[in-house]
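Okay, so here's the structure we're looking at.
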Amino acid sequence: MIRTLLLSALVAGALSCGYPTYEVQHDVSRVVGGQEASPNSWPWQVSLQYLSSGKWHHTCGGSLVANNWVLTAAHCISNSRTYRVLLGRHSLSTSESGSLAVQVSKLVVHEKWNAQKLSNGNDIALVKLASPVALTSKIQTACLPPAGTILPNNYPCYVTGWGRLQTNGATPDVLQQGRLLVVDYATCSSASWWGSSVKTNMVCAGGDGVTSSCNGDSGGPLNCQASNGQWQVHGIVSFGSTLGCNYPRKPSVFTRVSNYIDWINSVIAKN
């Protein structure tokens, strides 16, 4: 019981998490379109990379939720691949001071995830690092919201990642961020938006035809600031429209983290 309570504090609300040392640059317009985040202002953001032909390649984002666990999307994970995690990094091509590359020892995909039925949800996975990392000004853990939290319509959040700058476009070398407004479930699940593809275990944000996540942002965080100034990861980038990354009334869809707090704590406690 004590161990469970300690884990809950660590991944769901410890005061040491969610307060970046380096200030977040507010009101940056878009990930699609290529607006650079302030270096190390999202210190829980990681790059999940796979090995191919002797080289490492960025495939997805993720969030450090404990000193040896990363939260990402289930669709990012393949058991046939070898992965590593880059932490404390702004530029993917530069060996920056204070950054780390850590091997992966375990992959845990949600047991109800079905790659053939993305709209069912449960697009969530945990990646265990081969060794714990020391927390610094450039590498910090994310805070997760209280279980069951539902953000109101038009709540401002930021999506971050190294995904494409536009539909079928180039990928950036440095971390991008984009401000998105939450779209409530009633709106997002309406016929002219996402319809039945969206479930209550998801969060929608964006849909204005300008700002969105894109390919390569998958698994990364939807960062939303609480009234006390603490940043919390409310979403995991899951899917977008095949019509384009920033298609009107097709907001970015995220796994709703607050629906999975018990699952996250359970996986970490058992592993």
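A Cβ is built for glycine as well, from the same backbone N, Cα and C atoms used for every other residue.
Under the heading signal peptide, Swiss-Prot lists 1-16.
Look at Swiss-Prot and you will find 31-269 tagged as domain 'Peptidase S1', backed by sequence analysis.
The disulfide bond annotation in Swiss-Prot covers CYS60-CYS76 (among others) and is backed by sequence analysis. Taking the Cβ of CYS76 (disulfide bond) as reference, residues of its chain lying under 8 Å away and at least six apart in sequence are, in sequence order, LEU48, THR59, CYS60, GLY62, ALA125, SER218, GLY219.
Other C-beta atoms found within 10 angstroms of the C-beta of HIS75 (active site, charge relay system) number 21, with every protein chain shown included. The active site, charge relay system annotation in Swiss-Prot covers HIS75 (among others) and rests on similarity to another entry.
Listed in sequence order, ALA73, ALA74, HIS75, HIS110, TRP113, ILE236, SER238, PHE239, THR255 are the same-chain residues at least 6 apart in sequence whose CB falls under 8 Å from the CB of ASP123 (active site, charge relay system). Summarising the annotation, Swiss-Prot assigns active site, charge relay system to ASP123 (among others).
Around CYS157 (disulfide bond), the same-chain residues six or more apart in sequence whose CB sits under 8 Å from its CB are LEU151, ARG179, LEU180, LEU181, VAL182, ALA205, LEU222, ASN223, CYS224, GLN225, HIS234, GLY235, listed in sequence order. According to Swiss-Prot, the feature disulfide bond maps to CYS157-CYS224 (among others), an assignment based on sequence analysis.
Taken from Swiss-Prot, the feature disulfide bond applies to CYS188-CYS204 (among others). For CYS188 (disulfide bond), the same-chain residues 6+ apart in sequence whose C-beta sits under 8 angstroms from its C-beta are TRP194, VAL198, CYS204, GLY207, PRO251, VAL253.
Cβ-based neighbour count (10 Å, all protein chains) for CYS245 (disulfide bond) stands at 27. Residues or ranges marked as disulfide bond by Swiss-Prot: CYS214-CYS245 (among others).
Around SER218 (active site, charge relay system), taking its Cβ as the centre, 24 other Cβ atoms fall within 10 Å, counting all chains. The active site, charge relay system annotation in Swiss-Prot covers SER218 (among others) and is backed by similarity to another entry.
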Other CB atoms, at most 10 A from the CB of CYS224 (disulfide bond): 22
Integer average pLDDT (0 to 100) for the domain 'Peptidase S1' (31-269): 93
The one of CYS60, CYS204, CYS214 whose CB sees the fewest other CB atoms within 10 Å, among these disulfide-bonded residues: CYS204
